[in-house]
Amino acid sequence: MSLRHRTVPPQTGRPLAADAAEIEEEPYNIIPVNNLLADHPSLRFPEVRAAAAALKTVGDLRRPPYVQWRSHYDLLDWLALFFGFQKDNVRNQREHMVLHLANAQMRLSPPPDNIDSLDSAVVRRFRRKLLGNYSSWCSYLGKKSNIWISDRNPDSRRELLYVGLYLLIWGEAANLRFMPECICYIFHNMASELNKILEDCLDENTGQPYLPSLSGENAFLNGVVKPIYDTIGAEIDESKNGTVAHCKWRNYDDINEYFWTDRCFSKLKWPLDLGSNFFKSRGKSVGKTGFVERRTFFYLYRSFDRLWVMLALFLQAAIIVAWEEKPEDKSVTVQLWNALKARDVQVRLLTVFLTWSGMRLLQAVLDAASQFPLISRETKRHFFRMLMKIIAATVWILAFTVLYINIWKQKRQDRQWSNAATNKIYQFLYAVVAFLVPEILALVLFIIPWMRNLLEETNWKIFFALTWWFQGKSFVGRGLREGLVDNIKYSTFWIFVLATKFTFSYFLQVKPMIKPSKLLWNLKNLDYEWHQFYGDSNRFSVALLWLPVVLIYLMDIQIWYAIYSSIVGAVVGLFDHLGEIRDMGQLRLRFQFFASAIQFNLMPEEQLLNARGFGNKFKDGIHRLKLRYGFGRPFKKLESNQVEANKFALIWNEIILAFREEDIVSDREVELLELPKNSWNVTVIRWPCFLLCNELLLALSQARELIDAPDKWLWHKICKNEYRRCAVVEAYDSIKHLLLSIIKVETEEHSIITVFFQMINLSIESEQFSKTFRVDLLPKIYETLQKLVGLLNDEKHDSGRVVNVLQSLYEIATRQFFIEKKTTEQLSNEGLTTRDPASKLLFQNAIRLPDASNEEFYRQVRRLHTILTSRDSMHSVPVNLEARRRIAFFSNSLFMNMPHAPQVEKMMAFSVLTPYYSEEVVYSKEQLRNETEDGISTLYYLQTIYADEWRNFKERMHREGIKTDSELWTTKLRELRLWASYRGQTLARTVRGMMYYYRALKMLAFLDSASEMDIREGAQELGSVRSLQGELGGRSDGVVSENDRSSLSRASSSVSTLYKGHEYGTALMKFTYVVACQIYGSQKAKKEPQAEEILYLMKQNEALRIAYVDEVPAGRGETEYYSVLVKYDHQLEKEVEIFRVKLPGPVKLGEGKPENQNHAMIFTRGDAVQTIDMNQDSYFEEALKMRNLLQEYKHNHGIRKPTILGVREHIFTGSVSSLAWFMSAQETSFVTLGQRVLANPLKIRMHYGHPDVFDRFWFLSRGGISKASRVINISEDIFAGFNCTLRGGNVTHHEYIQVGKGRDVGLNQISMFEAKVASGNGEQVLSRDVYRLGHRLDFFRMLSFFYTTVGFFFNTMMVILTVYVFLWGRVYLALSGVEKSALADSTDTNAALGVILNQQFIIQLGLFTALPMIVEWSLEEGFLLAIWNFIRMQIQLSSVFYTFSMGTRAHYFGRTILHGGAKYRATGRGFVVEHKGFTENYRLYARSHFVKAIELGLILVVYATHSPVAKDSLVYIAMTITSWFLVISWIMAPFVFNPSGFDWLKTVYDFEDFMNWIWYQGRISTKSEQSWEKWWYEEQDHLRNTGIAGTIVEIILDLRFFFFQYGIVYQLKIASGSTSLLVYMFSWIYIFAIFVLFLVIQYARDKYSAKAHIRYRLVQFLLIVFAIMVIVALLEFTHFSFIDIFTSLLAFIPTGWGILLIAQTQRGWLKNYRVLWNAVVSVARMYDILFGILIMVPVAFLSWMPGFQSMQTRILFNEAFSRGLRIMQIVIGKKSKGDV
């Protein structure tokens, strides 16, 4: 035991007996702080007692009045009595402070002289970190800090009071924790009152000792927190669940930013003035603060104006230069330089400054228009700044315009570029220099980043004044520049990207467009085929030609970023040594250095004072190099150091044991993988069996080949392979020990064997073996030994056969093995035969086989048998792919660079926090047994997908005592449910994964403090435990069965049997796991199964805590809310409540998940908190590296220490189906390569997901680990990253540790997830965080930020928009007649129009989005496998899936920005093998994909029928193939990736169900799943809440459908070639007539269909007759033809759809006209029937085609097929009879 673990000394000055009893009865969380005499392992640490004692130093402080002071009260009680904090808040923060201070003191190096008292440096560091944001806030506002402490005269008690006050405020602040500066304001005023109490000030009014303004029970909650909370609640209520425009109500950020200005002191005051305009009262609107969010795409321009300015200016300059190039110049570069040398071109290039100034004006106008509500009496400067920016931009436009006009005027006067004209140019350039002064200054500060940081972080008013013009005053977003090295790295990256992009754009986008543009521009006398409104001008046609190119130009940086980031990510990964060990074969090569790598990285060394010096870093690098490449053969050191070898064995075996517990390896594989203890007197390292397989045979073949070589040479050849040497020596030592073990000691045979081995040993030592014995006879001896060991390995032992084999072996050894034949006499003299050979048969009575219960003996026999008999290299061990991947990753990670591990006692403490609502905890028996419509149960599905793991599970259960599989449903039901739950995305899986941290810390704590004797004895003890378990067979009844001989129970190698007790205390102090089960209280009250399962998890995991919100009725219809923390007390054997902190109201005001996290955050502990989602997992071997990861906080990454440690994720759901694989591959490349590049070199990684580790105290005082404002923060996670970056934090990424993560596996789940993310990004565009980052980051980091967040989704939308623009442009040119005229006029058949063809192939981002995946696969799995994976993905139609996903992202991103509607979409985390009906697919994808695909398909059909270019089939196919692919993907993907998607019977049933859904009228409670009408209204929800601008944009977009009618009616025969406008006007008569006919039918149906059905039929008959008569009349008296009927459908159906969409936007007033609105609903129903039939036709056809269903199943489940699984049985439901 460590010397630091002392027994608890007797405590002096104990409290009174009554007080002591009360204290002892209090339940505690981690350590019983109030009862330091308790028998608890954590109380052995003197640091805990020192911290608790420091809080007791109340001393001579003035006692609070009106209450009885008790002897056990401490500083926190003192604060609570003065300021009115809750008792449980005090208890919670007391433990919080004691734990943190104790942990901090443990980490002191060198340790303090007196470890029984708290070091003042610990308190000082804690106070500075915790109150750092408060100090910055005071400095920013120019207020003097109320922390009255001098560094020269430290006062630990006063510092503890400040820290305690802040933590008590924070612990009770509830939702106010999202507003850090609000908490700063509260602390500032309460600290002022604290200072007055500490300084014994008198109250000015009463003359009495000063008392705080608020005191008494719950005074702080009711007097401070509740009023502000109620204001937040009132604002949320006004938002109507987030549907009201953001600019109409204040969110968390608005209220927090109120405290960024002085007015909080003047208006809000202290105590809080409830009459202040800060507080919202009914009917009173309070203005926004700091920023106004508005729904408009212009916010993308506002936030990233520098990007758009760059793109616009280059495009303008490129067009000017390319327009003037002369094609007669041969060289491309000559053409460019000649154009640039021309003075006309140079002058025209000056117009870019006109454009620039115009864009500045646009930015200024947008700022003023969007942020005008911020203007108030207090913000006059803001108004003045906005006005001045508009005026300045206008002046610059006018100045540049005048100067530019003067240049050309002077040139025209002089008719040449005279000196006067040149002077005019110089005048313009002087103005340019003045215009560019701010940009030049920004460039200088960019080159010197530290100066920019200094200027921004200095709160001097002179600097505020200097920067006032360029950026408004803001508390966040200052000092964001990175160091010079990082600056150079990411600048170089972007310089390459932009250079490539602009080169490509000029030569392959802009320049090729010039010639066709000139040709089209100069076309005269065009023969338009419709009414042309603007004469013979071709400008619109030229604009349509350019528009797709411009759109591609604006978005293709995304492609270049993907390419360069893939390359850079691969390079960074190579330098990080990723993928060096990819499989078990490569692990074999490195395993001999593995033990040293574990020792070097996972075992702490003595911490030297100068450990950070350059010399130590150099030595560290050299050591890693030796480990990585085996220099110095470090395994030799292992062989001589038994302690290190035993430590390695303990760790490795515990990892393998964890694998066995998870059932990813079998019992047999455990024996092959484990490191056995050193027994049987083996003199070499006993490597795992799988490494030694086949090595003995190879050694024998070497001996046969080198039969004449000397011993030394032969042994040298064998020793070249370490495993071969060990296999030979171990086999020899084991055989020797085996023979001596099975032969009775007192017999002659035993002495013969002993003598024989002595002779062999002597010949080996003297290097005379090959001269003494016949080496060629070794194979024969080997075969005989094989038989012997095989007999011993059999379950039934036959002693007679053993004797026979031993006799054969003896004959060979004595009669044939010696080179010099020995006579019987010689053998007798040498002791190699009995005294009387004729008297008895050798070995007849000399054999004594060990008892079957001797597990250790037979375990070694099995190992020897494996070494002797295996004839392959066992590359397939373990069989399970997940086990192999985990072993490979873990072993590879130990050769990567990571910080050295400290001792567990000295490591940083951390918590894990998981938000949980009502998801699955553990699957129930019914859930496992319930079958789908195809007859598939969840358990059967899992058995099939995880067949090898199911076999291992059954093997484990049989070992634990079951006889038949049916007992799994009875005696082992809990184990069965857990086995299934651990393969789903359940809370049980997450908890098991996180509790590996606790298990790992206990083991590491033991290894840290264990002495050499402990380790050596531990190895022996494990051996004896193994033997004991062998005797009992792992069974509680002690009955031995034959099958139990090969058992491997948990205790057989668990290191936990060696623990001395202190390990538990150490681990508890360093780790706690809090699950925020928000509604656990109501689940308990309702006795829901989730509550019971959560209690079970607490019972099984002592470090698990559950935090929930308890709702308690308080009478009068009111409810009180509490944050409650509970645990399971193993002594009391029940759940106990630890803390209960009252809340001001319901937790959920904004987004639910972040507020669930926030309420539980007060119960977390430690320096760091890891946020883990409900769909995540962790692994024991990864948990071993957690203390290394936490050490990253001590190292600078760039110029800052990290505040978020990014952790790599492994997507564990990729093997379920091809669809899950696509999603997994995409996600894996994002969370590995993508995050790697963002962290280094781009320095712009945010917080994208939930394995990241937060610097807890840094975030605690800066708003928490997420944001929670309604709707705007729907992607709550990433806002933590935004907030971190804006507040000067640093986010890193580390890939030597990984966490598992589940992803959605069905198309509908995936699409809902994509919709949620895209909607979240749409909301981010409007947010203040994105705006500030877009303006405060330097230019290159801004580019990185844009293209990896909202820019990615915007550019995805641009891709889809480009397809639209391209196709609409083609249709315009075809229907107008421009295309025909251009072809007739131009000798180049399609030069004028076909140039866009090159651009079309760029549109499809498929290859470029796949590039990061290919690169990451190449890095980690090998290039050939990466290419094969990519080809396999294409065969399985991954491009269809990615194209479909692109449509999902584009739709929801665009719709969210225009209309809102972002919401949390519960995707469900179940297994997806059941067929999804056509109705469900139609509901989900009708508006986002199907209708858009039908529209694009219609355009393609119209173009094919009316374009002269399309007459050439090859040209048409080449121009439209990518568009047709998009159309087909959007229509067919939901059915291609739907199990049984092309089953004929299901298709028939689906169509019937669809028609029932369409016509079902429904009731008030009807859901959208049941009724089309309900769904149709829900689909319009976003239009109900949109603003005027959104409605106008929607109507403008809908007008495009009228174009079909305008273009096609002139193509009808009835038009007779007329281009008069009347033709179009008359066509509307038909629309009107059709609508009147529809109204008549609807009226007749409503009036007659029920009671006078014959009249309804008569009306229908008359209308049909009338329609036929009209058609006959048209045929007879006009040029109308039958083909016109079908052609006109292409015109009028889109028009009707356009009218319908416009009617939906006007729903508000149209519903007042019932008949009209009913007609709209009926028309909408008809259209959805039409769309449904159009989509169903190809599905039905493919379903009817024979063999297509099986092909589709093969595509969907191909990954499973390749692993030999029975997916076809799953899909069609044919279960085997023998399955459980």
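Note: Cβ is positioned from N, Cα and C throughout, glycine not excepted.
The feature domain '1,3-beta-glucan synthase component FKS1-like' is assigned by TrEMBL to 157-273. DSSP places the residues of the domain '1,3-beta-glucan synthase component FKS1-like' (157-273) in helix, strand and coil in these numbers: 78 helix, 2 strand, 37 coil.
Among the features that TrEMBL reports, transmembrane segment is placed at 386-407 (among others).
Feature annotation from TrEMBL assigns transmembrane segment to 428-451 (among others).
Annotation source TrEMBL lists transmembrane segment at 490-508 (among others).
Taken from TrEMBL, the feature transmembrane segment applies to 538-555 (among others).
Per TrEMBL, transmembrane segment is recorded for 1345-1371 (among others).
Panel annotation: around the transmembrane segment (1484-1503), residues 1308, 1311-1312, 1315, 1363-1364, 1367-1368, 1370-1371, 1374-1375, 1444, 1447-1448, 1451-1452, 1510, 1520, 1523-1524, 1526-1528, 1530-1531, 1533-1534, 1579, 1604, 1607-1608, 1690, 1694, 1728, 1731, 1734-1735 of the same chain, lying at least six beyond its termini, place a Cβ under 8 Å from a Cβ of the stretch. Residues or ranges marked as transmembrane segment by TrEMBL: 1484-1503 (among others).
Using a Cβ-Cβ cut-off under 8 Å and counting only residues 6 or more beyond its ends in the same chain, the transmembrane segment (1515-1537) has close neighbours at 1219, 1307-1308, 1363, 1366-1367, 1370, 1390, 1394, 1397, 1400-1401, 1403-1404, 1437, 1439-1441, 1443-1444, 1447, 1476, 1481, 1484-1485, 1489-1490, 1492-1494, 1496-1497, 1500, 1503-1504, 1507, 1509, 1735, 1738-1739, 1742, 1752, 1755-1756. Residues or ranges marked as transmembrane segment by TrEMBL: 1515-1537 (among others).
Residues or ranges marked as transmembrane segment by TrEMBL: 1621-1644 (among others).
For 1656-1675 (among others), the entry in TrEMBL reads transmembrane segment.
Summarising the annotation, TrEMBL assigns transmembrane segment to 1681-1703 (among others). Cβ atoms under 8 Å from those of the transmembrane segment (1681-1703) belong to residues 1495, 1498, 1501-1502, 1594-1595, 1598-1602, 1604-1605, 1607-1609, 1611-1614, 1627, 1630-1631, 1634, 1671, 1675, 1710, 1720, 1723-1724, 1727, 1730 of the same chain, restricted to positions at least 6 beyond its ends.
Per TrEMBL, the feature transmembrane segment maps to 1715-1741 (among others). Same-chain neighbours of the transmembrane segment (1715-1741): 1478, 1482, 1486, 1490-1491, 1494, 1531-1532, 1535, 1541-1542, 1547, 1550-1551, 1554-1555, 1558-1559, 1572-1573, 1576, 1635, 1638-1639, 1642-1643, 1693, 1696-1697, 1700, 1703-1704, 1707, counting only residues six or more beyond its ends whose CB sits under 8 Å from a CB of the stretch.
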Residues of the parent chain within Cβ reach of the transmembrane segment (428-451), under 8 Å, 6 or more residues beyond its termini: 350, 353, 356-357, 396, 399-400, 403-404, 407, 470, 481-484, 487, 1199, 1338-1339
Intrachain residues whose Cβ lies under 8 Å of the transmembrane segment (1345-1371), provided they are six or more past its termini: 300, 304, 307, 544-545, 547-548, 551-552, 554-555, 557-558, 561, 1234, 1238, 1242, 1244, 1246, 1278, 1318, 1321-1322, 1324-1325, 1330, 1333-1334, 1337, 1379, 1396, 1399-1400, 1403-1405, 1446-1447, 1449-1450, 1453-1454, 1496, 1499-1500, 1502-1503, 1506-1507, 1519-1520, 1522-1523, 1526, 1600, 1603, 1607
PLDDT averaged over the residues of the domain '1,3-beta-glucan synthase component FKS1-like' (157-273): 89
